[in-house]
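Here TrEMBL flags 2-153 as domain 'Glycerol-3-phosphate dehydrogenase NAD-dependent N-terminal'. According to TrEMBL, the feature NAD(+) binding site maps to GLY6, ALA7, GLY8, ALA9, PHE10, GLY11, ALA134, ARG249. The NADPH binding site annotation in TrEMBL covers PHE10, HIS30, LYS102, ALA134, ARG249, GLU270. According to TrEMBL, the sn-glycerol 3-phosphate binding site annotation covers LYS102, GLY130, SER132, LYS185, ASP238, SER248, ARG249, ASN250. The annotation substrate binding site is assigned in TrEMBL to LYS102, ARG249, ASN250. Residues or ranges marked as domain 'Glycerol-3-phosphate dehydrogenase NAD-dependent C-terminal' in TrEMBL: 174-309. Marked as active site, proton acceptor by TrEMBL: LYS185.
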Amino acid sequence: MISVLGAGAFGTAVAVSLARNGGSVQLWAHDPAHVEALRQARENVLRLPGVPLPDNVEPIERLDDVPPEAVILLAVPMQTLRHLLQDNAEHFLARTLVACCKGMDLKTHVGPVQTISDCVPTAMPAILTGPSFAADIAHGLPTALTLACRDERVGKALQQSLTTPNLRIYRTTDTIGAELGGALKNVIAIACGVVIGARLGDSARAALMTRGYAEMQRMALRLGAKPETLAGLSGFGDLALTCTSEGSRNFRFGLSLGQGEPFDTDVTVEGAATARAALARARELGIEMPITGAVTALLDGQVDVRQAMDMLLSRPLKDE
Ligand SMILES: NC(=O)C1=CN([C@@H]2O[C@H](COP(=O)(O)OP(=O)(O)OC[C@H]3O[C@@H](n4cnc5c(N)ncnc54)[C@H](OP(=O)(O)O)[C@@H]3O)[C@@H](O)[C@H]2O)C=CC1
Ligand SMILES: O=C(CO)COP(=O)(O)O
């Protein structure tokens, strides 16, 4: 049994994909009305329209209904993860919990794996992350992800149970690299959206992706990540996807910002809160993250797009 907690686009897509592979999948939503709508329509009309739920996906509204042997996937937005874990800690004690969210908590400045460890110290945390749009997974398109878990035995078991014919899963024990790659690439994707929206050109985007990757590495390596994790699916892979595709909400949010257009506030844009959390963490650690700083200043209305670019271009010249 696999229980996916969080019935947004990603949770629904993963539930559908795993159910098509056989076995039973529960899909939990925090809003009983949403659970009822999933039961009635057999489709997530709001977040993942056009994808029928297979019969073996069971929408549930009570965490009590998650059986003790179930593998739990946490597919909620990053800024809600801590509350979900704290408010329902009795359901998570000594469980294997696989985070599917990408971001850093605004209050604690840590990623999903560390958030699980902090909130439920008896749990075994893992993370499933990498380049994958929910719609691609739901439509059975080929996708490759990283599963990170410090415990090799648990990681190998998760890799087996979450792999499907279309979803290839690589494994690592480097949870720090995996969680930071997925979190920080969203900030760079916003920056890339801004330069494209403001018509500053593809060369500027390539520069931001490259220097953004340097920034991601700087923070992750300082916190103990392995360079090869950053170079893998959860880092470089997801950076490449998110910075170059209008399928990404973070990139589209940046596009709107660059064009001076409003953006739908109901859409999940993980990079906005994460930019602030990452900048705060960078300051605590004394490391330079100029692109993250420029994105944060832009989001906070301290600078406009031109001034944000000037902030980056006028920095002292240095070695690559
Ligand atoms: N979409 C994608 O392509 C991918 C997403 N991810 C990651 O997955 C995570 C979730 O994103 P995604 O599914 O796209 O988001 P969506 O915006 O599609 O959905 C978010 C879901 O979370 C629910 N939710 C909000 N607050 C809570 C809460 N306190 N407790 C439980 N559920 C809550 C929302 O319910 P309600 O509508 O009732 O508020 C909604 O169903 C993010 O971290 C994202 O980065 C990872 C890979 C790909
Ligand atoms: O993480 C994702 C793709 O890997 C989804 O990106 P967005 O959250 O920007 O849509």
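Indices start at 1 and increase along the chain as displayed.
Even glycines carry a Cβ here, placed using N, Cα and C.
Location within the structure of each feature annotated in TrEMBL.
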residue : record                               : DSSP (3 states)
GLY6    : NAD(+) binding site                  : coil
LYS102  : NADPH binding site                   : coil
ALA134  : NAD(+) binding site                  : helix
LYS185  : sn-glycerol 3-phosphate binding site : helix
SER248  : sn-glycerol 3-phosphate binding site : coil
GLU270  : NADPH binding site                   : helix
For the domain 'Glycerol-3-phosphate dehydrogenase NAD-dependent C-terminal' (174-309), the averaged pLDDT of the predicted model is 97
Cβ packing number for PHE10 (NAD(+) binding site), 10 Å threshold: 26
Three states by DSSP: which one describes HIS30 (NADPH binding site)? coil
Within 10 Å of LYS102 (NADPH binding site) by C-alpha distance: pick out those among the binding-site residues GLY8, PHE10, LYS185, and say none if nothing qualifies. LYS185
Of GLY6, ALA7, ALA9, PHE10, HIS30, ASP238, which binding-site residues come close to ligand 2, meaning Cβ under 6 Å from one of its atoms? ASP238
Quiz question: given the binding-site residues ALA7, ALA134, which has the greatest number of C-beta atoms lying within 10 angstroms of its own C-beta? ALA7
Annotated binding-site residues GLY130, LYS185, SER248, ASN250, filtered by Cβ under 6 Å to ligand 1: none
